[in-house]
């Protein structure tokens, strides 16, 4: 039996079926059974037959009924169609669909759905987004560990201030990010050559190797010994070597160590560079930050901003420098025996007692046309078991408040010495790296690190030595991940940049916020202001208060008694002691 197509009317006047009046009573012998479903032009047309649809809940069944075949209201189809045409609008005014709120209530109301196939491209983009998010998180964590104090302190914090006032007339010649420093590497061609050794040093006292927190030693004060921080161009020996064309680049070990360890620095510093003919001189300004030792520079906790606070960054830097100088002289044998060298101390005058230090003027060959001469310091000598003399560098780490660092040296130095050193490497990474670089430059056979702590957290004037530990510079450099090839690569790159500049004066400034350095061209008379502020009259000077509560109370009582009796001599003497303590 074949398929009966049925009767198809013919419309000679146009497209579509003929008028209803001319339509036959039946199609194919039956009644009119083709429905007409009215719909609006804004309605979405569904599929005629979708066998993949599986409504997940009761709400979906209601939506399933809204198909193109809706037989409700068939008799009013013509009227509804005209009403739909009248209600048609070009802009859809329906409210946007409400998104579910993800919370505890939604979590228990959600219903399971059939698993859907994920597009491979969407999945790949999701994986790439997760990788990028993880990379940003690692980068943020690294910046937070290294430069978090800038973000916390803001532009007004002391740690975020530039070490030198940038003048508007200065022009930027170079801007070098620290990320480019990490890729540099340069191997010095030959071993350095000792051109001259000046000064005199004493022998190290090995009894300090047996100092423990239980048998601590009080830190002494050496007021009669003078410590010299002379810059490069003020050194008479370097002037003499420059006149003889001994080298083309001149610097000191302090300046070179600052350049070599620049990527580890956080606080701002600056170095003055002078190009004279074919020679370069790396100098530091008077009162430069390089003369002071930083404390907790790379720590996570920021230090107070007020300078009058004994635990502020500036106060701790002054205290650390004072402790380091006295410690370097106390651990020596003061029996009058000294080791003298080619020339005496070039900075001490006749009759002046200089600290135990020897200056080694050493020369490195950077390339066929460039050589570098640096003044390096050693603080003591020692005799090894074979009877040979060894050069030593001596430095001290200082503890100011165990609650800040989280490690109490008096409790941990004997049992957990490695944990104490690890904490110091985290909080003072730049300072320890500079000391190691200076020991390597000076050719020291051993570097001694002392652990010096306050007698009381609120007493910044009295300290005690808790322990002294010795390290070989190269072994300690490997332990703190200090690469000598990278250190010399940084110096070589900066020398090459400066050699391309014209004659004049420049200043290299570490940015106070960003990990980068900028090279400015400055006038020749910059940093040479000889203006000295005249001190106030003695009766107008304000005496600083001592941090020791008992001492302060005694000073106040003495001042009150002196004022009552009309004598001020005793009060003036106490004020002098207080000023001396604060300056120290």
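Glycine too: its Cβ is placed from the backbone N, Cα and C atoms.
Predicted automatically and left uncurated, TrEMBL annotations should be read as such.
Here TrEMBL flags 105-115, 551-572 as compositional bias 'Low complexity'. Among the features that TrEMBL reports, compositional bias 'Basic and acidic residues' is placed at 116-135. Summarising the annotation, TrEMBL assigns compositional bias 'Basic residues' to 136-150. Per TrEMBL, the feature region 'Disordered' maps to 88-166, 533-584. Taken from TrEMBL, the feature region 'RNA gate' applies to 289-303.
When Cβ-Cβ distances below 8 Å are used as the criterion, the region 'RNA gate' (289-303) is approached by residues 145-146, 148-149, 152-153, 157, 159, 163, 229, 254-255, 258, 264-271, 311-313, 316-321, 324, 398, 400, 404-405, 426-431 of the same chain, each at least six residues removed from its ends.
If you average pLDDT over the region 'RNA gate' (289-303) in this model, you get 89. Across the region 'RNA gate' (289-303), the DSSP tally of helix, strand and coil residues reads 3 helix, 0 strand, 12 coil.
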